Ligand code: NIG
Ligand code: FE
């Protein structure tokens, strides 16, 4: 046989089960998720997946080829999925809100705490008073945990600075995290989002229109190079539909992609707005009506569910089944933040989605990978193990992917692998 050079920078071998959605089904696999046993993946010099197939074929290829420098990674028979794409977090903040968590248990609601100037504003105070070094250190520690729980792409929002200087500081920290030291094969991709419209800060009390002016006229133009998305918290206790509309319209003109915190605590009109403005995703959706969902589907807005909030606020879980039945693309994200979801663990979100939101394992895994990527407009790059995509994997210390959700409350991830 003719000698041919293997055009691969790396080969991941000895994959017990490769589990991923695939637009073009991998030979020998079937179902919503493609499950391939005893598999291998080749990665080309640009870091893209160039081949997926049976591990034994790699032996044959290696035997009849002249080997260049190929890095062989042994997966030791474990389950391999795409790394999680966590499309909604508020990971840069100082302080904690444990006290509020316990107050809520005694009966004070999240909305009441917000109206008392606590909640988001408690974290804003702690964040404004923290040094940049402290904020970066805290964020790096959290990012290490994000990575250890299997996430390879994470969106991070600002929203605890709420003035020009502090929002910029947080955005720079988010961007710096992209370059924070990690082993190259454990690099987590960071997507920055500007969420200046998270709450009206106390210095604008009684002058909310002036704060919206500040967001629209100063912050948005200043941050266009630092953030990929603009998000607003469209809610009774936060920003009205009219205010959100103004902010998002300007953001779109400036080249931001859009997201909306929509219909979380009340029917706020946020998901309709997301549909009207062509947002990439609308998130929360606890109170979204059938008409809202229909509008989202027609506009192609991804529906992002955040089960950590229902868990933390002890509110009813929205039904993922209802959204799926509307034909929506449903993503799952952690919403990692100190108030409503203090967890960076996407395995926990999968478990909650399966036990309390009506999702099957295949749906939940798709929601946390490819649909997370869709919620960040990254579906052509990541979120599945397919030819042409980046090699961004989660290696699980399990032998069969059906253990996911079933074996709960423990970290089943061995490591992430980014090649
Ligand atoms: O997604 N709802 C608005 N933002 C966050 C909560 C932030 C906070 O309470 O600090 C959320 O739930
Ligand atoms: Fe959020």
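Placement of Cβ uses the backbone N, Cα and C atoms for every residue, glycine included.
Unlike curated records, TrEMBL annotations are generated automatically.
TrEMBL has this to say about the protein:
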type: BINDING; residues: 88, 90, 261, 335; note: Fe(3+) binding site
type: BINDING; residues: 88, 90, 261, 335; note: Zn(2+) binding site
type: BINDING; residues: 97, 160, 198, 264, 340; note: 4-imidazolone-5-propanoate binding site
type: BINDING; residues: 160, 337, 339; note: N-formimidoyl-L-glutamate binding site
type: DOMAIN; residues: 79-396; note: domain 'Amidohydrolase-related'
Taking the centroid of the Cβ atoms of 88, 90, 261, 335 (Fe(3+) site), which other same-chain residues have Cβ within 8 Å of it? 89, 157, 231, 283, 284, 306, 333, 336, 337, 340, 341
Cβ within 8 Å of the N-formimidoyl-L-glutamate site's Cβ centroid: which residues qualify beyond 160, 337, 339? 90, 93, 97, 119, 120, 123, 159, 338, 340
Inter-residue C-alpha distance, residue 88 (Fe(3+) binding site) and residue 337 (N-formimidoyl-L-glutamate binding site) (nearest angstrom): 10
Could you check which of these binding-site residues, 261, 337, 339, sit within 10 Å of residue 198 (4-imidazolone-5-propanoate binding site), going Cα to Cα? 261
Across the domain 'Amidohydrolase-related' (79-396) the predicted model averages a pLDDT of 96
Close binding-site residues near residue 90 (Fe(3+) binding site), where close means Cα within 10 Å, chosen from 160, 264, 337: 160, 337
If we count other C-beta atoms within 10 Å, could you say which of the binding-site residues 88, 90 has the fewest? 90
What same-chain residues, at least 6 away in sequence, bring their CB to under 8 Å of the CB of residue 340 (4-imidazolone-5-propanoate binding site)? 110, 306, 308, 309, 312, 313
Candidates 198, 264, 335, 339, 340 (binding-site residues) with CB under 6 Å from ligand 2, in sequence order, are 335
May I ask for the distance between residue 335 (Fe(3+) binding site) and residue 160 (4-imidazolone-5-propanoate binding site), taken between their Cα atoms and rounded to an integer number of Å? 14
